[in-house]
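Here the structure is laid out as structure tokens; the discussion comes afterwards.
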Amino acid sequence: MTTSPLRRNTLKLSLLTLILMGFVLSGCSGEGESWNGKDISGLMPGLEFELTDGQGRPVTADQFDGKIKLLYFGFTSCPDVCPTTLQKLGQATESLPTEAQDDVLTLFISVDPERDSPERLAAYVDFFGNGIVGLTGKESQLRQLAKRYRTTFGYEEPDENGNYAVSHSSAVYVFDREGKARLLIRPDLGVEEIRQDLIALAKADT
Amino acid sequence: MSLLDYLMPYDFSPLTVLSFMLVLGFYGVGLLRMPEEDRPGSARIVVFVLGVLICYGVMQTRFDYYSQYMFFVHRGQHLILHHLGPILIALSNPLPVMRFWYGKMGPGVKSGLRPLGWVYRFLQHPLIASFLFVGLIYFWLWPPIHFDAMLSRNLYWVMNWSMLIDGMLFWWLIFDPRPPAITSSLGYGKRILLLALVAIPQMILGAMIVFSRGMVYDVYEVCGRAWPMAPETDQLLGGLLTWIPPAMMSILGILIILRRAMREDGSFTSRSSQMGETTT
């Protein structure tokens, strides 16, 4: 057959492609700055929302421009995960140098608007210090925000007392001063590791 | 939620809806316009439409929501996009319809499509095709890549489309209806070899997921599951879906090819060309 030299060439070409692919794959990892959290730059869209704050006023994301934002989904009846995480974020923020403390803001988004009224939410977040804002909204607004950050939440069937658990993301999304998505803090990260990332982010940004 | 909510896309992708509409549209119009004697029978039409619809279903209905937040549903989604859907489409043999539309194209369009033909022939080299088939599964299931793909909307779409397109290419190579004795399609022996070859790495990967003790894919943990389910159970089910059905599909594919080879045995006179490259 006349195709045989062509075939041989294709074979060579295919081997070359395999090798090239190997290079590309190995090049994907092990470069860039080292963060303790997961670097999500470019993976997720910038911060955008329309919600309600603890005083019942409408709030949009650009009101927090200029600050580093830690976004966390939860609910005030949350038994352990939410208080632990908020406490961790509070400690990490408070251990920052004083001038940097005001630059970091935690946004606690309640995905349980049925039970978490703005007042209840305000009282809850006050417990965790100054640098934290409680936000909530209509379920449709919350769904939209959750979808934007590729997470979800769901409600359990209420028990005889009307209590129910809410499943939600366990990660903290970190946005820089311009509102760009930067880091994802997994729940297993400690206070010191979060603190290091916040300092690096605050430095890089100014 | 009403039935309509389940049928509506979770993450609406106009490009995806348009592509599926175009495929079904061209297929339908082609069927109506083509000469009676070339037209595929109703069973083949049903198989084709079913193959297209299940691929659409896992991409643009509520199914997609569960695929994003449950690992095992995600594995089911890829099973359909990379295996079942393309297998049905390839087995339904839409070649007459494609030939009909190709005949309608002007010479300008045909020459414009020529580079696409080169890319196609390159991708359909048996070595490349099987490497891509297995490689894509491994690539998207590589834990750091998988994490990113589930976080980034764009990557997620690239992942699903690459699985679907690669599935179509591979299974078309395997189930090409043209007999290799008289055309340039891949010989039956090679097709069987490829099917066995790609089954093994898939079985290894599936078994690795099933038997791993820790959490391999923690993105579902981090981003919340669609409903409360033990992470171990989710991972176990996902591993099983990566392991068993693809292996079974390889075996079924081998049986189908064997049957076809036995039927065609002796029906073509030029036995030497069936040997393929050994004669060159």
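Numbers here mean position along the shown chain, with the first residue as 1.
Glycine is treated like the rest: Cβ placed from N, Cα and C.
TrEMBL annotations: computationally assigned, not manually curated.
Sequence-distant contacts (6 or more apart, same chain, Cβ under 8 Å) of A:Cys78 (Cu cation binding site) comprise A:Val166. Positions annotated as Cu cation binding site by TrEMBL: A:Cys78, A:Cys82, A:His168.
For A:Cys78-A:Cys82, the entry in TrEMBL reads disulfide bond. In the three-state DSSP classification, A:Cys82 (Cu cation binding site) falls within a helix. Within 10 Å of the C-beta of A:Cys82 (Cu cation binding site) we count 22 further C-beta atoms, all protein chains included.
According to TrEMBL, the domain 'Thioredoxin' annotation covers A:38-203.
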Neighbourhood of A:His168 (Cu cation binding site), C-beta criterion under 8 angstroms, separation at least six: A:Phe73, A:Gly74, A:Phe75, A:Val111, A:Thr151, A:Phe153
Proximal to chain B - binding-site residues among A:Cys78, A:Cys82, A:His168, CB under 8 Å: A:His168
Extra residues within 8 Å (Cβ to Cβ centroid of A:Cys78, A:Cys82, A:His168), Cu cation: A:Phe73, A:Gly74, A:Phe75, A:Val81, A:Thr85, A:Val166
